[in-house]
Each structure stands twice: as structure tokens, then as C-alpha cells.
């Protein structure tokens with residue numbers, strides 16, 4: 001059959017050039033290269049006229065392209081989801097364990113009698129523990145250093161991880177990142193008992209292992225997932241971080257309450273072992289790209305690869321997507337990337353969102369324990385609830401975002417801005433609200449789990465924006481922005497430690513929450529002003545230069561032979 005589609009020229013997913021051309025699809029063929037305005041897709045159906053589309057319209061509509069189950073990209077997504085669940089479980093367990101590790105009675109505290117109106121009464125909470133009797137006399141600044149040391153390593157490997165994933169493929173980079181994280185997680189209790197310096201070194205190395213995971217996954221998504229499936233798919237994969245947090249926080253709290261092996265070390269041993277087991281399955285089930293997968297159906301592979309072709313640069317001659325997957329190291333346009341205004345807009349809003357996220361992730365357990373007087377098990381359970389609601393909301397928002405794009409109710413750029421604003425502003429209002437609800441744990445829970453759940457909209461916000469700017473360098477670009485954003489992972493605990501400074505009172509914590517909210521909202525304002533959803537000229541030109549070099553090299557080889 002012949003399938004006629006009228007579409008916008010140069011539709012780099014969001015290009016508004018108004019000139020158009022007709023593109024003819026020939027089914028009953030097996031090739032799928034783009035050339036002379038003809039695309040060949042394997043099928044035996046009759047001719048059909050489907051009408052007009054635009055830059056945001058999927059040119060291959062059938063998401064059920066074959067009956068195989070599970071599909072290769074489904075397995076890839078599920079394993080990526082489990083990988084993020086495991087690494088986040090290994091990352092956040094220290095936030096709970098440190099409450100049991102620290103000997104609060106050995107730390108200088110402000111005289112409670114002078115601030116009785118600025119703290120919560122311990123009488124309104126059952127099973128509370130005001131001061132824990134742990135093994136380490138670490139004050140707030142030292143605790144902030146221990147909690148933040150992970151991120152010193154985490155930011156170091158973001159850009160190298162993304163770049164190497166683009167060159168050699170994301171499978172090994174993502175897999176070994178989880179593996180190394182698991183190994184150093186298991187070593188964490190040993191390091192803590194040895195001395196503080198060794199513990200910080202181990203946490204830095206653990207962070208270096210986990211630092212490659214996000215940019216490596218971003219590089220793989222650019223080649224595995226059709227563009228109009230990415231919001232929902234990425235929300236499911238990256239939401240593994242929420243599920244890992246939901247599982248890790250209460251489970252770590254329960255393990256810390258046990259006497260076996262000292263209690264708190266169990267959370268590091270358990271989640272580290274799960275990381276080792278996950279690595280084995282990942283290496284056998286996942287591949288860098290569809291063309292390398294030995295069990296993918298031909299129809300699924302053609303569906304994925306043609307979706308990539310059709311939604312990038314109609315009107316230009318394309319080599320197969322697999323021929324441009326691995327790029328020579330010297331060819332990356334560093335100057336253009338580092339001076340890209342839209343990329344800086346993503347970076348700034350991610351920094352604001354990360355500050356708010358890490359304030360909640362690393363410091364809220366301490367707030368619950370020292371201000372609201374929650375025992376460690378109740379503390380961990382309450383802190384897990386916001387990540388569960390954020391996971392649910394993230395998938396819902398991403399599905400709605402994809403649906404709005406398919407129906408052409410909103411442009412891609414406005415979709416990014418809308419959902420990024422929701423992910424930044426609404427949770428910030430929740431953080432501000434915590435400061436005004438005081439000691440009411442019911443309202444604190446509502447602010448975190450209800451209002452704060454809208455942080456899940458980030459997956460339909462700026463998270464996929466890198467791929468729109470440059471599918472070719474998505475891993476490197478995500479590494480740059482995520483590296484900058486996660487500097488907040490060690491800055492936030494350190495600054496918060498300075499703000500609190502042995503003064504565990506509600507007014508001091510109000511300052512902490514207000515700071516996080518203002519940074520988050522301010523970053524979103526910058527994103528609204530300077531964000532873009534068009535593939536950048538330097539990315540397009542670089543792709544053309546690479547293909548020209550490939551053709552020249554092939555011609556030289558033919559002449560020599």
C-alpha cells in the first residue's frame with residue numbers, strides 16, 4: 001500500500017518552518033532508508049490515506065506493531081527501572097541509618113528551656129525517641145559532610161559517563177555503574193567502623209559509580225524509544241528512583257531497629273547484594289541498541305528505527321541511525337554545547353529542583369527525628385510516602401503530556417515549560433507550607449505527600465529536553481546538567497548544617513525550607529525565559545559533517561580496493 005503524509009519540513013520534533021512537502025511511504029518493501037522522499041516499511045496491507053500531520057504528530061501510529069511479548073524495549077525499560085530502584089535504595093539508606101548511627105547525647109545542643117516555644121512537644125507523639133544512642137559522635141556539620149560526600153564522586157563521573165556511553169554504548173556504562181555502587185555500599189559499614197576519613201572516601205567512590213547511570217540511560221533512550229513515547233517511558237524508567245526510595249526508607253528504618261549485626265549495617269548489606277544480582281540479569285537481557293539485540297523482532301526494530309528517522313530531519317538524506325551511534329571522541333562540539341543558552345536554562349532549573357529534592361531527601365529524616373520527635377521506624381515510613389505519590393503523579397503527568405502532544409493540544413516547547421513549572425512551583429509551596437503548619441504531623445504529611453507529589457511532573461518537564469536539543473549528544477548534555485545539579489547534593493547538607501548549627505528549632509528549619517523553595521521557583525523562571533525544544537544548528541551541522549567524513553572514508557577504501 002502507499003501511505004501519503006504531508007508534514008512540515010525540518011521537523012526536528014519542534015521546527016516551525018511553514019514550507020511543506022509530500023512524503024510517500026511504500027509498504028510491501030523491506031528497506032527503511034530515507035531518500036528521494038520515500039520510506040519503506042515492511043507490511044502487506046492495502047493503501048490508506050491518513051491526512052496531514054505536523055512536527056508533533058507521530059508518523060508511525062501503530063504502537064502494537066507486532067504481537068511479541070515482552071517487547072525488547074519493554075524488557076530494557078523494566079531492567080532500567082529496577083536498576084534505578086536499586087541505586088537509589090543504596091543512595092538514600094544512609095539518610096535513615098545516620099539517625100541510628102549518631103550518638104545524639106554526645107553532641108552539644110541548644111538549651112531547650114530557652115526555646116520551648118520554638119520546638120515541638122514530645123508528649124504528642126507515641127513511641128518517640130528524642131536522643132538516639134548511636135556509635136558515632138558526629139555533629140550536624142559532620143553529618144552533612146558524610147551525607148554529602150556521595151555527591152563529590154557523583155558529579156565527577158556525570159559528563160565522562162555520558163560521553164563514554166555515546167561512544168561505546170550505554171549497556172556496559174550503566175551496568176558497571178550499578179555494580180560499583182553495590183560493591184562500595186557493602187563496604188560502607190566497614191568503613192564507618194574504621195574511621196571517618198575512610199567512610200567519606202568509600203562514599204565518594206560509591207557516588208562515582210552511580211554518577212554514570214543517568215547520562216548512560218539518557219544515551220540509550222535516544223536510540224531505543226520513539227520520540228512520542230519518551231515522556232511516559234522515561235517517567236516509568238526514572239521513577240525506579242522513587243520506588244527504590246519508597247522501599248529503602250521504611251525497610252532501612254526497620255533494619256536499624258534490629259539488634260542483629262548492629263541493625264543499621266544490614267541496610268547496606270541487603271541493598272548492595274540486590275545490586276550484584278541485578279547486574280547479572282542486566283548483562284544478559286539488555287543491549288545497546290535495537291540492531292544489536294539478538295531476540296528483537298524485525299517489526300519492532302523497524303518501528304523504532306523509522307520513528308527516529310521520520311521525526312528528525314525530513315527532506316535530508318539519512319544514513320541508518322546505527323551508523324551514527326558511536327561518534328569519534330574528537331568530534332564533539334564542546335564550545336557550542338557549553339555556550340548553548342537552552343542547555344543553561346535546563347541546567348539552572350535542574351539545580352533549583354535538585355536543591356529542593358536533596359533538602360527533602362537527606363535532611364528531612366533529621367527534621368522528623370529532632371523536631372517532630374518521630375521514632376526511627378515511623379520517621380522512615382513517613383519520609384517514604386512522598387516518593388510513592390511522586391512516582392504515581394510522575395507517570396500520570398507524563399502520560400497526559402504524551403496524550404496532549406499526540407492530539408496537538410500543545411507544542412513540545414510549551415509542554416516542557418508547563419510540566420516543569422508544575423514540578424517546580426507546586427512542591428515549593430509544599431516546602432513553604434511545612435514551615436507554617438508547625439508540629440502537626442498530619443499537615444506535614446499532606447504538604448510532602450500531597451502537594452510535593454507534583455515534583456513527579458519533572459519527567460515531562462526538562463528531563464527529555466536534552467534529546468530534543470541534540471539526540472546525538474543527549475548523554476553528554478545530560479551529564480553536564482545533572483553534574484551541576486547534583487553539586488547541590490553536597491552543598492545542601494553542608495549549608496543546612498551551617499544554618500542549623502546546633503540550634504534545632506522550628507525557625508531555623510523554616511529558613512532551610514524557604515531557601516529550597518525560592519531556589520526551585522527561581523530556576524523555573526529562567527527555564528521559562530530561555531528553554532527551547534528545537535534541535536540545535538550545531539547538532540545538525542555536526543551530524544552532516546560526520547556523515548560526510550564517513551562517506552569520504554568509504555570512498556577511499558573503495559578506491560584502495
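Keep in mind that glycine also has a Cβ here, set from the backbone N, Cα and C atoms.
TrEMBL entries are annotated by machine, without manual review.
Annotated by TrEMBL as transmembrane segment, the relevant range among 268-287, 288-307, 308-327 is 268-287. The feature transmembrane segment, as given by TrEMBL for the ranges 107-128, 129-150, 151-172, 173-194, sits at 173-194. Comparing 75-102, 173-194, 233-256, 473-496, 508-530 for CB pairs under 8 angstroms to the transmembrane segment (443-461), the maximum falls on 233-256. Highlighted: of the candidate stretches 173-194, 268-287, 508-530, 268-287 has the greatest count of Cβ pairs under 8 Å to the transmembrane segment (75-102). Tertiary neighbourhood of the transmembrane segment (268-287): same-chain residues 72, 75-76, 79-80, 82-83, 86-87, 89-90, 93, 97, 171, 174-176, 178-179, 181-183, 185-186, 188-189, 248, 251, 255, 261, 293-294, selected by CB-CB distance under 8 Å and a gap of 6+ residues from either end.
Per-stretch counts of Cβ pairs under 8 Å to the transmembrane segment (417-437) identify 508-530 as the leading one among 233-256, 473-496, 508-530.
In this model, the domain 'Major facilitator superfamily (MFS) profile' (81-535) carries an average pLDDT of 81.
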